[in-house]
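> This is the structure, below, for whatever I ask next.
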Amino acid sequence: MEAPKLFLLILLIRCDLFIGKALGDGVTPDEAKELRDEVREMFYHAFNGYMDHAFPRDELRPLSCGGKDTLGGYALTLIDSLDTLALLGDRERFTASVEWIGKNLRFDINKTVSIFETTIRVLGGLISAHLIASDHNTGMRIPSYDDELLHLAEDLARRMLPAFDTPTGIPFGSVNLLHGVDENESKITSTAGGGTLTLEFGILSRLTNDPIFEQVAKNAVRGLWARRSKINLVGAHIDVFSGDWTQKDAGIGTSIDSFYEYLLKAYLLFGDEEYLFIFQEAYKAAMNYLFDDPWYVEVNMNSAALVWPLFNSLQAFWPGLQVLAGDIEPAIRTHAAFFSVWRRYGFTPEGFNLATLSVQHGQKSYPLRPELIESTYWLYKATRDPRYLDAGRDMLASLQYGARCTCGYCHISDVEFHKQEDHMESFFLAETVKYLWLLFDLAAGPDNLVENGPYKYIFSTEGHLLPATPQISIVREHCSYFGAYCRNNNLRLKTLSPESAETNSSGSQTRHAESSFLSQSSYQSSPPVSGLKGLCPGLTHGQRFGISFMTPVNPSSEDEHSSQRETTEVQSHSVVLISNPNSEAALSEPSDYLDLSGLRVTMSKSAAEPFLEAHGAEIAARYAYDDFERVEAENS
């Protein structure tokens, strides 16, 4: 899959070039509006049930009309629902909810929480709501809002950072928000748990000007991918210390699903081609070894031997991901197969055995999952085929007649007998209802933040709205696109005297995140320059790539004239300083991936310019955090 094709598809979807006139068999435009309004009523039945009977506990018990804490005891369902309120245009409740959370929520609590669930539900919910509440362009800006949700998100993420302190970079599965990782914490985590953090952590780095969050999330992805099999498959569970796979079943569903999802979405949101490269390799392997048209199976990650001929409900996100990737034909066939299971039972069971064509023993439940509805929305958006509205109408009817209960919507514990269970996960309001509403609103003539707003949106795996604003999406491009955020103040680069340069050349310096170019300036945002095209004025070649120049110290005369260092006049010519000795050959030999960590190379400016032309962008993208000490020439 080539990047130009991928971008073309996204452009076509955004520009609505696939629009057709027909809606569906019997689904007229007026009925589409009625179905959209019915979904809105569904949301408020469940949301009001939660607020009246469970808030501020985490989740609603929809049958008994009570509440329970499941993740941390901090109003989980409200946080997860914030951007759905905004999407529905409910300014009053969105404002009240944001204000309550800003005043009452705290994370300095003695609770051990899941890194994965806390990131996608709580951190993602806070970040999405912050971006909506703080931006005039969304139409939902709260005048009194003062970044309270962003501060909470940063505090929460910092409390999760100890989980990433592992030899592999892959985080522990859980962390205590007050005390860090428990000494008895399991070293086994899922691939999805370690590989589904890049969107939320990456955006947080851009909003806080601190690269640490994006860095640890990317290192986790690299840690997983580095341990893939020779056929580019990953297993389901891994030891975060040894890097050994403890479950070698490879699939696109349980324990792995969103690893694939976030590879592509991180590329779409951030433009980082490393994610695209990994996705293309991983996707190719999945289609080669896991795809048994139109189904997907689980195989041994090393041998590709069949392990499970099983459809599990988490696989149902895959056709939607294929739409984003531009591979629509297999997405259509797979969606049809998955939906046939829904129509057979009224819901999708957690597991459906493809060998026996029956519900898998012990996997008979439907916990209100959104994945099939999500793919239905994306396929309708891409094709405008009326069959997807028919599918949406059927799924809405199943939820209304099978899952609706006294105060909300119930899990179905057995899809064959439609037995209800007193449980409603927060993702029902964050995703299931959201995708249904978007589907019918699209058919009725869209009037919402996603379709008509100022930004393209990427949906997190929890369905949270993540906008591709300049501050988030092109900050790393250093103003190379029109309308980018240009710095109107001087670059805050660490200035070194010749004494400091000598200390650095000995390799004894302590590198500090605060001195890195990205932490000090690449994440800085200022109002866009109207009509700007090309590069920001005032940036040197080295600054555009995150590398600055300093005057060299003449080594032959350094010892003789050490007493005169402070009065030595700095010359106008410059050198590039990278980071600790050993090999100039590494710079002269081309390679797919430059590994410059541990090198200190001094070059004349005339030699540096062609090197930076060839490799500067890659250096800036791959080694922007700690591998460079950036210095600024100064006159002494």
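Using the three backbone atoms N, Cα and C, a Cβ is placed for every residue, glycine included.
So TrEMBL lists these for the protein:
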| type | residues | note |
| --- | --- | --- |
| ACT_SITE | E117 | active site, proton donor |
| ACT_SITE | D257 | active site |
| ACT_SITE | E350 | active site, proton donor |
| ACT_SITE | E371 | active site |
| BINDING | T461 | Ca(2+) binding site |
| COMPBIAS | 498-510 | compositional bias 'Polar residues' |
| COMPBIAS | 515-529 | compositional bias 'Low complexity' |
| COMPBIAS | 558-568 | compositional bias 'Basic and acidic residues' |
| REGION | 498-529 | region 'Disordered' |
| REGION | 547-574 | region 'Disordered' |
| SIGNAL | 1-24 | signal peptide |
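Distances, neighbours, how buried they are, the whole picture for these features please.
In the shown protein chains, 22 other C-beta atoms lie within 10 A of the C-beta of E350 (active site, proton donor).
Take the CB of E371 (active site) and look out to 10 A: across all protein chains shown you find 24 other CB atoms.
In the structure as shown, the Cβ atom of T461 (Ca(2+) binding site) sits within 10 Å of 25 other Cβ atoms.
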> Would you mind listing, in sequence order, the residues at least six apart from E117 (active site, proton donor) in the same chain with a Cβ closer than 8 Å to its Cβ?
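Once residues fewer than 6 apart are set aside, E117 (active site, proton donor) is near L71.
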> For D257 (active site), which residues of its chain lie six or more apart in sequence with Cβ-Cβ distance below 8 Å?
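When sequence neighbours closer than 6 are ignored, D257 (active site) has A192, L314, Q315, F317, W318 within Cβ distance under 8 Å.
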> Could you state the whole-number distance in Å separating the C-alpha atoms of E350 (active site, proton donor) and E371 (active site)?
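Rounded to the nearest whole number, the Cα-Cα distance is 12 Å.
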